[in-house]
């Protein structure tokens, strides 16, 4: 009996344990508060979980509700997890993974009402870049991501550099203006909006993440490919192999194909990449086959194949074939030609053809031929089409059967410009592309270019060899290839100091203004290269123009706004003129001949390394060459001429225009006549040098010293202005001076430098008057810019400027060089003052929002720098392009003080 009493507690424990084991334990009962908060926020954001209205337990809401369990099951179903309705470890692990910020739905699903772009040519703009990657790597990641989608559907992406754009891509942190703030590192990486107007299609990337083109951090290419799917109209997929799967998975740019799920989704919206030509009618794209240049007697095409590397489509008709140039939209000369003459090993009759992995597969009767387009021969393998499955290289015969059904005549819709499909080697490819670009109907952007029409490759090659003074053989040799591979200008070639057809030139009607028989041509630089300081670029461009103005009666003046005669930009790849650059080496720059709109515009390939020396590419030599085109000169065959088409460095110290170029430009504009030397004027007394900045500003208890705020992200400026090239930033009665002449940024008290002035509310410089104005309260002081000393007769009341008496303080002011106006910002309005007429413009004040969209409704400080206006509002600053009324980027004030 005693032993029985000893066993009773043990048996009771076992029974209790069994009962506890049989009763399910709720997973969420063991959750810590952080996991519960994560789950609730995740389900609310991505599965539309409504806020709980349950009873409070110990000062908090109950952890689980039927609605929450249902949402957990929905989420578990989407990700292929066990559907428990409980927050188990596996479910929480998926919730913690970095992901897209768009909610989840089904396989290749669409947004409500299936929004999509009606126009299949979609424009995009990169508004703000990440600081983690080089700009060119960001550009490549975006274009590679877009190519994944355009390879699967009939979509064409074109980059633009200002609004309006269909898709705007940008990097931002936390709250960024779209009501969907980012959450810091990890978590949500990016989000996108479905197709539509306004913000529709835009993609935002969280700048708090570490973006990369490699393995470190998050692959920009992988995330961009996913988000662009949303921009095109796709929602999330539950297929883990799909690009549209919501959780992040790294991809390299070499993984450039979509999954089957993504392909089905995008083709459901936009159709597939192909269209079929059947006899005379083209289905999907209506039109006659004769639109391609076929003779009217032709009734049927037997087969067609597009060779994207060369931009050509080959049509097989009977025993002959035609070749169509997709770039020029016309049939090549000299066709049709016999198939057996140019396609050795291929029978006279072709029934169907397609291209795969660099080879063309040609079907003739019951046989299939694998044709190598590089080696211009049939490979050894020849397959017979039979009913059984048989290996077809690395593809199965099933694929061949599918192509036999579909490819009565199939070819891709897009093309990349290049050369003929019959090639013998890579050098042959390169040579044909070179000759097609520079020795045929290739201009830069307008129809004034001359053309050379030559029917055969050999004849064209002979013309090129004769042009460059090589041995004329009509065959490719090392010397010819070496000449072709030299860096060069993008304009095609003619003879000694040639002029463009019709001799276009700048005439008085196209010149902005003239003075004493000397014309002035206005130019502006709309985009700079990062290789050189902007000041050096400005000086070099001016020096290149001066080479011409020294010998002809034409002067040049740089402006920073409005419409100029010649616009200059540095940009790699596609840049808006249908003649994209080709990367480093090759074409360095190109220019248009004189004329309206784009006439004279000059573009430099920013993939080159621009320098002022022998290293890299010398900007002065290339700019001077291109400006010759902008003035009406074509290429010269004189190797000593600046207008010789290939680049060759020469010492630029004391460089003058060579005789061949001088004769050519003077034939257009005449010679510059020497002007009588004016009588010497009395030398004015030298301006006093500005006093050095005091080393240590004295303290003022009434004005807190902002020295410690210099590198604060929350720094707010009271005012800002330029003075003789230096930038002054004012705060609490002190100022920072940023100068290229100084290694550091001096910090000075305003009253120490200018004793009557205690603090500065607004400031601006009028360079042509050599004056600077500092505004405090309801009065202002004038300074001489060169000496930085206060002028006599100041201070003066604000009413002297034409401001009404009720204005007791100006928030910001800036003088705009291109308009000759000074803008005064007061609360949410602004006034415009005409400096030439010394009076306020009529029709003011106006609302800031009306005329400066995107900068906000209030301005704390403003200044102009290198043609852009900078408006500060709080710690944020917008870089503004006034002619286009467009915000280029958003900055922080402290970045000007060497804090980045």
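Using the three backbone atoms N, Cα and C, a Cβ is placed for every residue, glycine included.
For the Ca(2+) 4 site that TrEMBL gives as 718, 860, the extra residue drawn from 761, 769, 834 is 761. Ca(2+) 1 binds 606, 608 as TrEMBL records it, and from the list 459, 531, 714, 726 the residue named for this site is 531.
TrEMBL lists 599, 601 as binding Ca(2+) 2, and of 565, 634, 638 the one it places in that same site is 565. Per-residue pLDDT, averaged over the domain 'Peptidase metallopeptidase' (113-272), rounds to 85. Taking each of the recorded positions 643, 763, 899 in turn and counting other Cβ atoms within 10 Å of its Cβ gives the largest count for 763. Across the structure, residue 718 (Ca(2+) 4 binding site) and residue 608 (Ca(2+) 1 binding site) are spaced 41 Å apart at their Cα atoms. Ranking the recorded positions 582, 626 by C-beta neighbours within 10 Å puts 626 at the top. Checking the recorded positions (582, 590, 626) against residue 489 (Zn(2+) 2 binding site) with a 10 Å Cα-Cα cut-off leaves 590, 626.
In the structure shown, the C-beta of 813 has more C-beta neighbours within 10 angstroms than that of any other entry among the recorded positions 489, 711, 813. DSSP classifies residue 813 (Ca(2+) 5 binding site) as strand under the three-state reduction. Using a 10 angstroms CA-CA radius around residue 813 (Ca(2+) 5 binding site), the binding-site residues that qualify from 565, 605, 761, 860 are 761, 860.
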